Amino acid sequence: MFDISPLQKLRSQYTPKIPVALNGAWRLCTADVPTPDAEAKAIAMMFPHTSGMPRVYLRNSETETSRQEKPLNVGILLSGGQAPGGHNVISGLFDGLKSLHPDSRLYGFLMGPDGLINHKYIELTEALIAPYRNAGGFDMIGSGRTKLEKKEQFDAALLILKHLDISALVIVGGDDSNTNAAILAEYYRSINAGVQIIGCPKTIDGDLKGREIECSFGFDTATKLYAELIGNVQRDCVSAKKYWHFIKLMGRTASHITLECALKCQPNIAIISEDVKAKDWRIADLVEYIAEVIAKRAERGLMYGIALIPEGILEFLPSFRRLIDELNDYLSRPESDHIKRLARLERTAFVAEHLKPENASLLLSLPQYVALQLLEDRDPHGNVQVSKIETEVLLVELVKERLSQMAAAGRYQGKFAALTHFFGYEGRCSFPSNFDADYCYSLGRTAVALISEGLTGYMATVSNTTHPADHCVAGGVPFTRLMHLERRAGLAKPVIRKSLVDLQGAPFAYFADHRSRWESEDCYVYPGPLVFYGPREICDEPTLTLRLEIDGTPFFE
């Protein structure tokens, strides 16, 4: 028996809004298959059984029936990190299956791909699902990061799928998980396994999107939650008027979260990794930019401010990337074992002697504890673990040092006191926003429709998402349409493309047009908490990123 809060009880009774076609009978419509370019042709050769398929859409039908003559058995697994809304994909899938045939069954594989490979599962019933409707987390069946990429894994999975008479498997995950889903779909089709594979786009980082997919689920909720926290810190900041707050946000490979939070909150500084890379900034350039903003505000008597930092910023600095690459190379050599016999404070200087001059200079310019972390903290493959560096703390130290130099030169007069924050895990398992609750439930229902139409190798999609649900369009896009070739370990590998911040896109353009005023003035906006009940413009509003990308305006109309 669950101990639940009043909000949990109330949210479990919320009925998600879905596209019209999913409310009754639908007809499947197809779009023209585009003429493949050279890259698409190369991918098609690697996926001969699941390439060249059309984009599909579901349209409302008054003449066709969407009932199944026979029940369907379907499996689902959650892959990768948590994101708000995962439970609604499951509940949408369950309700969709039952609407097709009351005897249909849904099986959840426990702890992600591991459960599929090792045959650990549960049957998902209404009684089990009910407490999780519109709830955060992935704890109904758990998630995992095991990669499904080997034939032995595919064959082991097929044994349990056949044992349970499962005809379709839904994989909920990000770009890597859905890349592996594409490979699995191709393999099962090539051996006539009789198992369909359907994907659902998940990641709070927002980097699984593009022309074919408007957004990944969880991004809406996470950014709203982070924006509330940032707004609270901004209010504290402008009340006390004595601290600079450096706030690190999720986003190792893309800065979508930082950009969305900047659009929502209008902080004094927001670093966009893709912008920094395009400018070919060194870490010294980044520090100089931050210090200049602080100094200019100090001239106006403003000794406080807010800076948003994406967690992956260091890996976007070309000079830092070159240092990491050379360190990975050097530390993998047998002769590097000598550094373990040196005193810790001697190690940095010793390694610097074995690096290229520019990399040695950068290593020696870092605070001692950061340099040692780069040398000593390595992953199982022997690579430097950049993600473990407290970037916000590092930047505070470097900015403080630069401001001291500027003060000595008469270029800065002020007091710099900084506090650091990291908003990350707080956003992964929140109650999903109405947008994510509706979107995820619709993805689950869409997956059922694709399965009932006999499709495999497709990602479920819902488009036109800045409009009310009855104007949204459910559909599916072939995995292979989302792929490009990427060099990994010297080979061209087909992978679903990560979506980085588009520096030519409307969201970044809006930010770039306004950031100079935000730097010098207090233009703070306070988004407030997630709201589930009330006016549509508060409860159902999509992200500003989506509004700008689709409608060209950040404002609700």
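Counting begins at 1 with the first residue displayed.
Cβ atoms are placed via backbone N, Cα and C, with glycine included.
Keep in mind that TrEMBL annotations are predicted by a computer and have not been checked by a curator.
Marked as domain 'Phosphofructokinase' by TrEMBL: 73-314. Residues or ranges marked as diphosphate binding site by TrEMBL: Gly81. According to TrEMBL, the feature Mg(2+) binding site maps to Asp175. Summarising the annotation, TrEMBL assigns site 'Important for catalytic activity and substrate specificity' to Asp176. Residues annotated as site 'Important for catalytic activity' in TrEMBL: Lys202. The substrate binding site annotation in TrEMBL covers Thr203, Ile204, Asp205, Lys242, Tyr243, Met250, Gly251, Arg252, Glu311, Tyr425, Glu426, Gly427, Arg428. Annotation source TrEMBL lists active site, proton acceptor at Asp205.
Locations of recorded TrEMBL features on the structure.
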residue	record	CB count, 10 Å
Gly81	diphosphate binding site	19
Asp175	Mg(2+) binding site	24
Asp176	site 'Important for catalytic activity and substrate specificity'	19
Lys202	site 'Important for catalytic activity'	31
Thr203	substrate binding site	29
Asp205	substrate binding site	27
Tyr243	substrate binding site	17
Glu311	substrate binding site	26
Glu426	substrate binding site	14
Arg428	substrate binding site	19
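Cα separation, Asp205 (substrate binding site) to the residue listed as 'diphosphate binding site', rounded: 10 Å.
Listed in sequence order, Asp205, Gly206, Ile257, Thr258, Ser273, Pro310, Glu311, Gly312 are the same-chain residues six or more apart from Gly251 (substrate binding site) with CB atoms under 8 A from its CB. For Gly81 (diphosphate binding site) paired with Lys202 (site 'Important for catalytic activity'), the C-alpha to C-alpha distance reads 9 Å.
When the record's substrate-binding residues Thr203, Ile204, Asp205, Lys242, Tyr243, Met250, Gly251, Arg252, Glu311, Tyr425, Glu426, Gly427, Arg428 are compared pairwise by CA position, the greatest distance found is 36 Å.
For Arg428 (substrate binding site), the nearest neighbour among the listed recorded positions (Asp175, Asp176, Lys202), judged by C-alpha distance, is Lys202. Each residue contributes its Cα atom, and for Asp176 (site 'Important for catalytic activity and substrate specificity') and Tyr243 (substrate binding site) these two points are 40 Å apart.
The two recorded residues, Asp175 (Mg(2+) binding site) and Thr203 (substrate binding site), have Cα atoms 9 Å apart. Residue pair Lys202 (site 'Important for catalytic activity') / Glu426 (substrate binding site) shows a Cα separation of 17 Å. In the predicted model, the domain 'Phosphofructokinase' (73-314) has a mean pLDDT of 97.
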